[in-house]
Amino acid sequence: MTAILERRESESLWGRFCNWITSTENRLYIGWFGVLMIPTLLTATSVFIIAFIAAPPVDIDGIREPVSGSLLYGNNIISGAIIPTSAAIGLHFYPIWEAASVDEWLYNGGPYELIVLHFLLGVACYMGREWELSFRLGMRPWIAVAYSAPVAAATAVFLIYPIGQGSFSDGMPLGISGTFNFMIVFQAEHNILMHPFHMLGVAGVFGGSLFSAMHGSLVTSSLIRETTENESANEGYRFGQEEETYNIVAAHGYFGRLIFQYASFNNSSSLHFFLTAWPVVGIWFTALGISTMAFNLNGFNFNQSVVDSQGRVINTWADIINRANLGMEVMHERNAHNFPLDLAVVEAPSTNG
């Protein structure tokens, strides 16, 4: 008997690389989206850390009045921020090689644009990587769909809003106080608190927090005990076990008696779909609201006060909001313009004399 042994052709380097990239056996899945995600997020993170510590002041308003945002220029963790790219640059693509020098690039806030564009590309690739891993494992794609909500929100404030307003200088600063400043100015200019999509977003975030806390507390309160009273209930479970770890019927019964019968779910799939959909849809609407207000389709305004038969103003909460908005608008960019737009367009009263 003759045995014929064929020599197996060695796999090419590219083939081994492809297999390694797409292998689900790796401790951390990389995937083709990860090939782009890793360098973009590393770049964004590295530049953010360096700029937050040591970036020189940035001429954000384009009026030769630089604003410092880094720790070495007098800020702390709360007040520090990556200052947005200068209004003098507008929406122009502004990589380092477009500036005459690195000093000019830093003065005009080049790091902000670099960080934001790499970050948005990176988180979009992270979302794609979630879908890719789900696909390879034979899972459904809803993890990536859920993650699309924060991706949409980040894209709205860092990219869509600057595009609508005509300059990256209107983007959200990358810092704690900078975020609050962005929110205050956004309210002043767009009355976001009176926009229905923002209201849906608030309901989504707060409602999602409430439902998450309710679900977690119900589950942990209705665990099926597999141990004695002298042992931890956690010892009775194995990671990935097929058996249920908690009694959904007991949880359903408790909650149904606490509120009313139909306020609780007796189907696990329906319950978890609801827990996912509520905050995701809310944040989608918030991102959509930011994206429409970017082009000045603003929240409801009540600029026409309620008056009585004699023409006297009857003060309402809307008047308080309008006054607050004007005050906030006056205070921001105070050196770039003397009056808020709402006051600047009003015809000045004539004077005799």
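Cβ atoms here come from the backbone N, Cα and C positions, even for glycine.
On a predicted model such as this, the values are computed, not experimentally measured, just so you know.
According to Swiss-Prot, the features are:
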type: BINDING; residues: HIS118; note: chlorophyll a ChlzD1 binding site
type: BINDING; residues: TYR126; note: pheophytin a binding site
type: BINDING; residues: ASP170, GLU189, HIS332, GLU333, ASP342, ALA344; note: [CaMn4O5] cluster binding site
type: BINDING; residues: HIS198; note: chlorophyll a PD1 binding site
type: BINDING; residues: HIS215, HIS272; note: Fe cation binding site
type: MOD_RES; residues: THR2; note: phosphothreonine
type: MOD_RES; residues: THR2; note: N-acetylthreonine
type: SITE; residues: TYR161; note: site 'Tyrosine radical intermediate'
type: SITE; residues: HIS190; note: site 'Stabilizes free radical intermediate'
type: TRANSMEM; residues: 29-46; note: transmembrane segment
type: TRANSMEM; residues: 118-133; note: transmembrane segment
type: TRANSMEM; residues: 142-156; note: transmembrane segment
type: TRANSMEM; residues: 197-218; note: transmembrane segment
type: TRANSMEM; residues: 274-288; note: transmembrane segment
Quick one: find which recorded stretch in 29-46, 142-156, 197-218, 274-288 has the most Cβ pairs under 8 Å with the transmembrane segment (118-133). 29-46
Recorded stretch, among 29-46, 142-156, 274-288, maximising Cβ pairs under 8 Å relative to the transmembrane segment (197-218): 274-288
Rounded inter-Cα distance in Å - the residue listed as 'chlorophyll a ChlzD1 binding site', ASP170 ([CaMn4O5] cluster binding site): 18
Taking every protein chain shown into account, which of the recorded positions TYR126, TYR161 has the largest tally of Cβ atoms within 10 Å of its Cβ? TYR161
If you measure from the Cα of HIS332 ([CaMn4O5] cluster binding site), which of the recorded positions TYR126, TYR161, HIS198, HIS272 is the nearest? TYR161
Quick check: of the recorded positions listed here (GLU189, HIS190, HIS198, HIS215, HIS272), which one has the Cα closest to that of the residue listed as 'pheophytin a binding site'? HIS272
Under 8 Å Cβ to Cβ from HIS190 (site 'Stabilizes free radical intermediate'), same chain, six or more residues apart: give me those in sequence order, or none if nothing qualifies. MET293, ASN296, ASN298, GLY299
Entries of TYR161, HIS198, HIS215, HIS272 which, being recorded positions, have CA atoms within 10 angstroms of ASP170 ([CaMn4O5] cluster binding site): TYR161
Select the closest residue to TYR161 (site 'Tyrosine radical intermediate') from the following binding-site residues, measuring between CA atoms: GLU189, HIS198, HIS215, HIS272. GLU189
Report the nearest neighbour of HIS198 (chlorophyll a PD1 binding site) in space among the binding-site residues GLU189, HIS215, HIS272, comparing Cα positions. GLU189
